[in-house]
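Chemist: Got a structure for you, written out below as structure tokens; questions coming shortly.
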Amino acid sequence: MLWPHPKKPSRQSSLSGYVCQRSKTRRKSGTEDWNRRFWASRESLRMEPHADVPLLPGEERVTDKDLIYMCPFIGAVKGKVFITNYRLFFKSTDMDPAVTFNVPLGAISRIEKMGGASSRGENSYGLDITCKDMRNLRFALKQEGHSRRDIFEILFRYAFPLSHGMPLFAFLSQEKFEENGWCVYSPMQEFRRQGLPNDKWRITFLNQQYELCDTYPTILMVPYKATEEDLRKVATFRSRCRIPVLSWIHPDNQAVITRCSQPLVGMSGKRNKDDERYLDIIRETNGTTSKLTIYDARPNVNAVANKATGGGYEGEDAYQNAELVFLDIHNIHVMRESLKKLKDIVYPNVEESHWLSSLESTHWLEHIKLVLSGAIQVADKISSGNSVVVHCSDGWDRTAQLTSLAMLMLDSHYRTLRGFQVLLEKEWISFGHKFASRIGHGDKNHADADRSPIFVQFIDCVWQMTKQFPTAFEFNEQLLVTVLDHLYSCRFGTFLYNCESVRDANEVRTKTISLWSLINSGQVSYINPFYAAESSRVLYPVASMRHLELWVTYYIRWNPRIRQQQQSPVEQRYKELLALRDQYLKKLEELQLSDSTPHLPNSSTPSPASPTQRVTHLHTPF
């Protein structure tokens, strides 16, 4: 499967305490306390002590159940499903080789009961599971004695732990890695890499305790001429107090990308002299910017509509040294519906006879085009020596897409494996993209209007760039897929919660593991073999429908036929060579160990060159 290979758990953690006895008495229905019924239901399901279930350190078996998996590709498959506190694992019992798959519980969006006690038809009674990663699961059970109630309640509880007062798995994990992923990003180091602070830009610690803006990071880069009092005044005129701050500075022409939220103009057309002066100070930090370009990610009509709720945009009469450009990128609700339509046409089966018209009707690639096109405009403006301000409504969705993609185009550092991690930590995580709200980690409210695939859309845009520039990125497609898998999994703390202040309150950095610990402890799996470093190259992808593709190996990866078709012979050969290298390295270690054994003391014959000496001058192309 596509899941990262787990470390082998200890015998004790995987077996002790998880053999349950079948309850001898039937529970009364309806009036019993839910929690008592839940724990009773655990005892009513018999655990199989020697099941072949891979467990991560900290992962515990909860229950198992015989049922039928209604596979959309090969039909009904008899087997057993195992529930742990981290995953759902299925293994067939009547097929050779066995059919197995596992789904992290964090990837489950919705669990519904299918059919009723009086339902007719074979396999019409069971569970329907909707996943966030473009697949659905359906299990059928026998229709006697409320056979699905126990498994439904347990699965519902562990798939949505926050809705039941339980911790996310990331806080229970006991995995150990060679690398500490929490050390990947340091704001100060990243600013120094960009040549900051300088005589135009300074660091402010005004938000050290999140008192200026509770969704911003603690360390901010602001214009040198702006005082702390100026920042406080500007914050009162920006939605959620998200003031314009620096994201990136061009090393040569000193043009800057700054990000913020919409101004609080409202229906009455309010003005704020401090905000107007602040944007002018940003313009003056670069001597070649005659007019500051403000990129508003929204369609014009949406920005006008936001005035009714107190928001709005920068009018030309108030901001005379600025030009306003609307980028026509739609809101989170439109994106959610678009991905939903895409899922409908790719899972479980692809309707090939009307494929192009069906894909067009989802508008997914059209949205990808608009996001990429907006980022290209930002990057081009910076390259020409003009500073920009980027915002949407609150500055944590479309704004993050635009700034991070533009920085990816402009700065080759972010196209390296570690640089890309820094980019995500900086522009998405530290600047408060609402991961918890957009993904719904551990939350049963699948219909929450705040859910939206904004980050998935960004990663799709990155994938489009890697397809157009196959040698420009140090990381490969597997990294992008792994990032999206763990966006949902709740195995790591990286994408948990909405902002840094909440992560600090929940001690995420000390109580959970970073995704980058996994990535950086096994980098070879995520390296692009065709990477050629070019430090000063700016990438301008072609954002036209003719050059954009559907990311088949992500969106349709669960279809076995599609998966076989998408196997890259070059990538496959590369993996084979890596495996061969590992074999040689293992053999080398064995030779070195055998050579380290002591020789007989009375041996008078000179020993030949040791294995270590013999291989000293061997060089491999790996």
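Note that Cβ sites are derived from N, Cα and C of the backbone, with glycine treated the same way.
So TrEMBL says this about it:
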type	residues	note
ACT_SITE	C392	active site, phosphocysteine intermediate
BINDING	N331, I332, C392, S393, D394, G395, W396, D397, R398	substrate binding site
COMPBIAS	1-10	compositional bias 'Basic residues'
DOMAIN	181-555	domain 'Myotubularin phosphatase'
DOMAIN	362-408	domain 'Tyrosine specific protein phosphatases'
REGION	1-22	region 'Disordered'
REGION	595-622	region 'Disordered'
Chemist: When DSSP states are grouped into helix, strand and coil, how many residues of the domain 'Tyrosine specific protein phosphatases' (362-408) land in each?
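Modeler: Residue counts for the domain 'Tyrosine specific protein phosphatases' (362-408) by secondary structure: 32 helix, 4 strand, 11 coil.
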Chemist: Apart from N331, I332, C392, S393, D394, G395, W396, D397, R398, which residues in this chain have a Cβ no more than 8 Å from the mean position of the Cβ atoms of those residues at the substrate site?
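Modeler: Surrounding the site, in chain order, are A297, T399, I454.
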Chemist: If you average the pLDDT over the domain 'Myotubularin phosphatase' (181-555), what number do you get?
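Modeler: For the domain 'Myotubularin phosphatase' (181-555), the model's average pLDDT rounds to 97.
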Chemist: Other Cβ atoms within 10 Å is the metric here; tell me which of the recorded positions N331, C392, W396 scores highest.
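Modeler: By the 10 Å Cβ neighbour count, C392 comes out on top.
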Chemist: Quick one: Cα separation, R398 (substrate binding site) versus the residue listed as 'active site, phosphocysteine intermediate', in Å?
Modeler: 6
Chemist: Rounded to a whole angstrom, what is the C-alpha distance between N331 (substrate binding site) and C392 (active site, phosphocysteine intermediate)?
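Modeler: Computed Cα spacing between N331 (substrate binding site) and C392 (active site, phosphocysteine intermediate) is 9 Å.
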Chemist: Please give the greatest C-alpha separation between any two of the substrate-binding residues N331, I332, C392, S393, D394, G395, W396, D397, R398, in angstrom, as a whole number.
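Modeler: Largest Cα to Cα distance for the substrate-binding set is 12 Å.
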